[in-house]
């Protein structure tokens with residue numbers, strides 16, 4: 001299941017709770033066409049990679065998180081491990097998303 005995170009406190013808690021697991025964060029918005037296109041694929045990754053934590057953040061609902069993470073465009077995918085950001089890219093690129101998951105998990 002993809003976790004929906006609504007504020008910075010919740011985001012920090014998710015990073016801490018994940019420990020050494022990879023966290024993949026999808027920063028998106030309801031009005032963003034490319035975000036809507038990649039969303040089903042992002043959600044399908046949960047089944048394929050059960051040891052990875054998947055988080056979705058709506059930048060309009062959680063502006064504090066988007067600002068803290070320096071998100072400039074949507075969709076932006078950030079990858080965290082051991083409470084540290086290890087990778088980031090922007091754009092609805094399915095291949096790039098799955099390659100990064102495989103690389104960092």
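Backbone N, Cα and C atoms are what each Cβ position is placed from, and that goes for glycine too.
Annotation source Swiss-Prot lists domain 'Thioredoxin' at 2-105, citing sequence analysis. Among the features that Swiss-Prot reports, site 'Deprotonates C-terminal active site Cys' is placed at 26, with the record citing similarity to another entry. What Swiss-Prot lists as active site, nucleophile is 32, 35. Under the heading disulfide bond, Swiss-Prot lists 32-35, citing sequence analysis as support. Positions annotated as site 'Contributes to redox potential value' by Swiss-Prot, on the basis of similarity to another entry: 33, 34. Annotated S-nitrosocysteine per Swiss-Prot: 69, 73, in sequence order, evidence recorded as similarity to another entry.
In this structure the alpha carbons, written CA, of residue 33 (site 'Contributes to redox potential value') and residue 73 (S-nitrosocysteine) are 12 Å apart. The shortest Cα-Cα distance from residue 32 (active site, nucleophile) to any of the recorded positions (26, 69, 73) is found for 73. Listed in sequence order, 25, 27, 78, 85 are the same-chain residues six or more apart from residue 69 (S-nitrosocysteine) with CB atoms under 8 A from its CB.
Across the domain 'Thioredoxin' (2-105), the DSSP tally of helix, strand and coil residues reads 44 helix, 27 strand, 33 coil. Among the recorded positions 34, 35, 73, the residue whose Cα lies closest in space to that of residue 26 (site 'Deprotonates C-terminal active site Cys') is 35.
Working note on the recorded sites 33, 34: by count of other C-beta atoms within 10 Å of each C-beta, 34 ranks first.
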